[in-house]
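Asks: Got a structure here, written out as structure tokens. Questions coming.
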Amino acid sequence: MSDQRDLSWKPPDAPSRIGITLETYILEGMLGFPAATGAFTSLLNQLGLVAKLVTSKVRRAGLANVLGYTGQTNVQGEVVQKLDEVANETLLSVLGRRGHCAAVVSEELGEMRLLSTDPRAKYIVVVDPLDGSSNIDVNISIGTIFGVLRKSDAKMGADPSDFLRPGRDLVAAGYVLYGSSTLLVITTGLGGVHGFTYDPTVGEFFLSHENIRIPERGSTYSINEGHSARWPEDVRRWNAWIKEDSKPEGRPYGARYVGSLVADAHRTLLKGGIFAYPADRSGQGKLRLLYEASPFAFIFEAAGGKASTGAERILDRVPRSLHERVPLVLGSPRDVEDFEQFVRGER
């Protein structure tokens, strides 16, 4: 028998984890942290439970009389939809049960909501409970966006200053897309970006999109061109350029815009290209830094993409207030770099 090695042999690929539950994925992720107390695992599982409960509400919205407006306005000056209120109260109720979350900043609340003064409550959560609520009555996909931070120190409770930190301090971020099926996409930054599809027959999220990676360049752009009269000249020049006919450079790009941030960003994450909600001429953006821009920036960078205001990296921006608004550009790295070059006047 020959003792010569077979140089053509290669070790088998790591087995796919497609089909594992969200709970199993979270538990496996903690195996590399021997000192883990279980608090982070429990908090992420609570967010998964919120997604299940809101899914149930969304599915029965028309029958349960929770479509339409409450007549109230939130801190953003937006008329509150009934489902917005339901989603927000569901999240606060679930996160307040186990004492792992010290406080929450929500789009629906003017101020920080303190949930626990126990020093063992190490985490704080930022959330848009139901993004795209203007689409609720017309049955277009909507979503939940969240981010998790560690509390600044072991003091008894949290205060608003705990939240005024750059997105690079996030320890987890994700979103839930309520569409033809419910999909939860989550990352802890280090282990990649993974998507879990909800199976209502067994009440579990199962891994369906493993290690999502955004393409280096895409072929679509997502922007509300109805606002073009309000854009700065550099954004208008970029918008005209991306629609020019140049086959060698892969242009024109196709337009894809729903008007629901979670839906538009999700498609961009999977297919590549660029999503942009630029500043108007005054320099003001529309999307909230803490619970919209930063979580998506954290997700896109973990998937190999880029996220920018057009002038600076989103994850480096320090919030000045809980509900600060910023411009947001997300997408394939080369597409975002093209946009930034126009903003800098290099094109």
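Cβ atoms here come from the backbone N, Cα and C positions, even for glycine.
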Asks: Kindly point out which candidate in Tyr253, Tyr257 is recorded by Swiss-Prot as part of the substrate site with Asp131, Gly132, Ser133, Ser134, Asn224, Lys286.
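Replies: Within the candidate list, Swiss-Prot flags Tyr257.
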Asks: For the Mg(2+) 1 site that Swiss-Prot describes with Asp128, Leu130, which of these is also annotated: Glu89, Glu107, Glu108?
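Replies: For the Mg(2+) 1 site that includes Asp128, Leu130, Swiss-Prot also lists Glu107.
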Asks: Can you pick which of Glu249, Glu292, Glu301, Glu312 Swiss-Prot lists for the same Mg(2+) 2 site as Asp128, Asp131?
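Replies: Between Glu249, Glu292, Glu301, Glu312, Swiss-Prot records just one in the Mg(2+) 2 site with Asp128, Asp131, namely Glu292.
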Asks: Determine the most Cβ-crowded residue among the binding-site residues Ser133, Ser134, Asn224, using a 10 Å radius around each Cβ and all protein chains in the structure.
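Replies: The residue with the most neighbouring Cβ atoms within 10 Å is Ser133.
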Asks: Which state, by DSSP, holds Ser133 (substrate binding site): helix, strand or coil?
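Replies: Note: Ser133 (substrate binding site) is helical by DSSP.
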Asks: How big is the gap, in Å, between the Cα of Lys286 (substrate binding site) and that of Leu130 (Mg(2+) 1 binding site), rounded to a whole number?
Replies: 16
Asks: Relative to the Cα of Asp131 (Mg(2+) 2 binding site), which of the binding-site residues Glu107, Asn224, Tyr257 has the closest Cα?
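Replies: Going through Glu107, Asn224, Tyr257 one by one, the Cα closest to that of Asp131 (Mg(2+) 2 binding site) is Glu107.
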Asks: Of Ser134, Asn224, Tyr257, Glu292, which is closest to Glu107 (Mg(2+) 1 binding site) if I measure between C-alpha atoms? They're all binding-site residues.
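Replies: Comparing Cα positions, the closest of these binding-site residues turns out to be Glu292.
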Asks: What are the sequence-distant neighbours of Glu292 (Mg(2+) 2 binding site), meaning same chain, six or more residues apart, C-beta distance under 8 angstroms?
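Replies: Sequence-distant Cβ neighbours: Glu107, Asp128, Asp131, Ile145, Leu261, Leu328.
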